[in-house]
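Novice: The structure that follows is given in the form of structure tokens.
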Amino acid sequence: MAATAASSLQIATRRPSMSSPSKILKAGTYIVGANPGNASWDKLSCTRQLSNLGCLRNHSAVPTCKRPFSFSTRAMSESSENKAPSGLPIDLRGKRAFIAGIADDNGYGWAIAKSLAAAGAEILVGTWVPALNIFETSLRRGKFDQSRVLPDGSLMEIKKVYALDAVFDNPEDVPEDVKTNKRYAGSSNWTVQEAAECVKKDFGSIDILVHSLANGPEVSKPLLETSRKGYLAAISASSYSFVSLLRHFLPIMNPGGASISLTYIASERIIPGYGGGMSSAKAALESDTRVLAYEAGRKSNIRVNTISAGPLGSRAAKAIGFIDTMIEYSYNNGPIQKTLTADEVGNAAAFLASPLASAITGATIYVDNGLNAMGVALDSPVFKDLNSKN
């Protein structure tokens, strides 16, 4: 993983560091901002351990979870420096994270999982039921191995994959047409309540909860043309799903833990084309973040924040239809003129999940090269002279 954010923070990992163009300080310590670039890991020795998927194929009312579906590696280095680390370490060793909404290897959810893993956290994943088989198969066949590489050269280990559809809180909420849908055939225990019960049964508790879920069936429609059904579907899948996740996972979260979601600037700015109620859903998500920060903080000492990330050309974002235009606009008009990477959002999430952010809660953190701060479009002909001077 190429961490591109310039920082003196260090990510402490559970695995030995390897000689590379990255700045290696000490076995198990990596500096965020060091760029492995074209690092070669020719001497990487990997042992992949695969075991059966659990809690995905059982049809009983009470969740019964099989052995974890895991991917682990052992990285060996010729040498490592025994220098004392400097700066502030991001150390999540001994912490366990559940990331809801990962279905491939090129979105923000995946990048967050990688950064948390690089900091030493154990990774659990919740995957949308219709995408589950493809995701599992891709993992088993090593199709994601290249994007699983961590700063120390080892591969991110996904301890367990759970089936999840966060639109449904419990089995009683699932309508008959969904139960009989062939895309859900063979899977069980995938409502939010059941997923939380399975995680509790398998691991007991978690420390970090990540919500990387959004869906607007009418996102391409202007708000004036959006149906009530489409609007409420966007709210349900994109914002209330976070409330439901935290509600059901909070009882198994260790005090001092953190919950993180992903939002977008359309919550407070007009983004033509981002319709179907999605802008409303993001606004609701940010408002809920503040309320949940109070409630979860007072009840369980859990911090709740959301990251307002800039546009990324992920597979999911392609559904918006103009994501490439937004990426270009962001590049041309942001204070920092560069392309935003998923790793930068992942590193911000690792910070928010760490003790370094112990006093940050109820906040919307912008990771968008500063685009949110701009009041004008610099690529407009009106500002041609200003751009030439700069």
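Just so you know, glycine gets a Cβ as well, placed from its N, Cα and C.
Okay, these came from Swiss-Prot:
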type     : residues                      : note
TRANSIT  : 1-74                          : transit peptide
BINDING  : LEU53, ASN170, LYS282, SER314 : NADP(+) binding site
ACT_SITE : SER239                        : active site, proton donor
ACT_SITE : LYS282                        : active site, lowers pKa of active site Tyr
Novice: Which of the three DSSP-derived classes (helix, strand, coil) applies to LYS282 (NADP(+) binding site)?
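Specialist: Helix, per DSSP.
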Novice: Once near-sequence residues are set aside, which residues in the chain of the residue listed as 'active site, proton donor', 6 or more away, have Cβ atoms under 8 Å from its Cβ?
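Specialist: The residue listed as 'active site, proton donor' has long-range Cβ partners ALA281, LYS282, ALA284, LEU285, ASP288.
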Novice: Quick one: what's DSSP say for the residue listed as 'active site, proton donor', helix, strand or coil?
Specialist: helix
Novice: Restricting to the same chain and to sequence separations of six or more, state which residues have a Cβ under 8 Å from that of ASN170 (NADP(+) binding site).
Specialist: THR191, VAL192, GLN193, GLU194
